[in-house]
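Taken from Swiss-Prot as is:
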type     : residues                                                                : note
ACT_SITE : Cys98                                                                   : active site, proton donor
BINDING  : Pro7, Met8, Glu9, Gln68, Lys139, Asn200, Gly201, Glu202, Gly224, Arg225 : FMN binding site
SITE     : Arg35                                                                   : site 'Interacts with tRNA'
SITE     : Asn95                                                                   : site 'Interacts with tRNA'
SITE     : Tyr176                                                                  : site 'Interacts with tRNA'
SITE     : Arg272                                                                  : site 'Interacts with tRNA'
SITE     : Lys274                                                                  : site 'Interacts with tRNA'
SITE     : Tyr279                                                                  : site 'Interacts with tRNA'
SITE     : Arg295                                                                  : site 'Interacts with tRNA'
Amino acid sequence: MRVLLAPMEGVLDALVRELLTEVNDYDLCITEFVRVVDQLLPVKVFHRICPELLHASRTPSGTPVRIQLLGQHPQWLAENAARATALGSYGVDLNCGCPSKVVNGSGGGATLLTDPELIYQGAKAMRAAVPSHLPVTVKVRLGWDSGDRKFEIADAVQQAGASELVVHGRTKAQGYRAEHIDWQAIGEIRQRLTIPVIANGEIWDWQSAQACMATSGCDAVMIGRGALNIPNLSRVVKYNEPRMPWPEVVTLLQKYTRLEKQGDTGLYHVARIKQWLGYLRKEYIEATELFQSIRALNRSSEIARVIQAIKI
């Protein structure tokens, strides 16, 4: 089976990708989205989102990385897809699933689910602009407020020439509510298409991954939030390994505080460490205690001192 690390805006940046791929066995990472509006973006934008471009589009541990684009104008999606791959990205992905109100308000992400023809035009333009040996992939949800158009959406992706499709098993309106996950609908899409379909949504451990694959028939999954709850989740999902022990999680956090974010003004780790602990608290009691000890701190250096001082 393949396990992919999902794009998560404001969460899974290059530093977190570096950490997680070092202790996992991911087959691929997708970047946070590059927002495309009405221009060919400068090279520095791609390097900021995906510094791995400077290293053959791989993390330090060797996991391939693919740039994701977010936008609605086929011409500019195509030109930026061509630039991304010219810079070395291992293919390019089109975001048709982000449920953020800010993103949707500008016509991107899940908004495209209301217009399968636009998904087709965007993906087709990207496919034409990217060398044929490199993948062009698309990530979608089941629909905007219902799954009634899920086949129309999936057909648009395949007919555009996409290499594979990632399907998050909920509509935009359903957000991330667990009770609405529909792996069976993903399976119906998989049966309809000839390109590979990757299942995404509510995969937290070995059991849920097995259930997802059994229900959907997919042999590949993409994991997002769960990868932060259990830092070695790909190995849990692939090999039924136990979750990472807390002392190893601490070691990972300690390394994180030592990594430097380009352009950081001393605040980067404040938000990111607290955010990550918010995920870890769902699996580790110790994470709650650590969060309480740093919640009032507002400088990266202060948080680093607390975490580095933990005895393991």
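Yeah, the Cβs are placed from backbone N, Cα and C, and that goes for glycine too.
What Swiss-Prot annotates, mapped onto the structure for a quick look.
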residue	record	Cβ within 10 Å
Pro7	FMN binding site	24
Glu9	FMN binding site	18
Arg35	site 'Interacts with tRNA'	18
Cys98	active site, proton donor	23
Lys139	FMN binding site	26
Tyr176	site 'Interacts with tRNA'	13
Gly224	FMN binding site	20
Arg272	site 'Interacts with tRNA'	20
Lys274	site 'Interacts with tRNA'	15
Arg295	site 'Interacts with tRNA'	11
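The Cβ of Asn95 (site 'Interacts with tRNA') lies under 8 Å from the Cβ of Pro7, Phe33, Gln68, Leu69, Leu70, Gly108, Gly109, Lys139, each of which sits 6+ residues away along the same chain.
When secondary structure is read from DSSP and collapsed to three states, Arg35 (site 'Interacts with tRNA') falls in the strand class. Under DSSP, Arg272 (site 'Interacts with tRNA') is assigned to a helix (H, G or I) in the three-state scheme.
Cβ environment of Tyr279 (site 'Interacts with tRNA'): Arg225, Leu228, Asn229 lie under 8 Å away, each six or more residues apart in the same chain.
Note: Gly201 (FMN binding site) has non-local neighbours His168, Gly169, Arg170, Ile181, Trp183, Cys212, i.e. same-chain residues 6+ apart with C-beta under 8 A of its own C-beta.
In the three-state DSSP assignment, the secondary structure recorded for Asn95 (site 'Interacts with tRNA') is strand. Checked against Arg35 (site 'Interacts with tRNA') by C-alpha proximity, the recorded positions Cys98, Tyr176, Arg272, Lys274 yield Cys98 as the nearest. Here Cys98 (active site, proton donor) is positioned 20 angstrom away from Arg272 (site 'Interacts with tRNA'), judged by their C-alpha atoms.
In the three-state DSSP scheme, Gly224 (FMN binding site) is classed as coil. Rounded to the nearest whole angstrom, the C-alpha distance between Cys98 (active site, proton donor) and Glu9 (FMN binding site) is 9. When the CA atoms are compared, the recorded positions lying within 10 A of Lys274 (site 'Interacts with tRNA') are Arg295, out of the candidates Glu9, Tyr176, Arg295.
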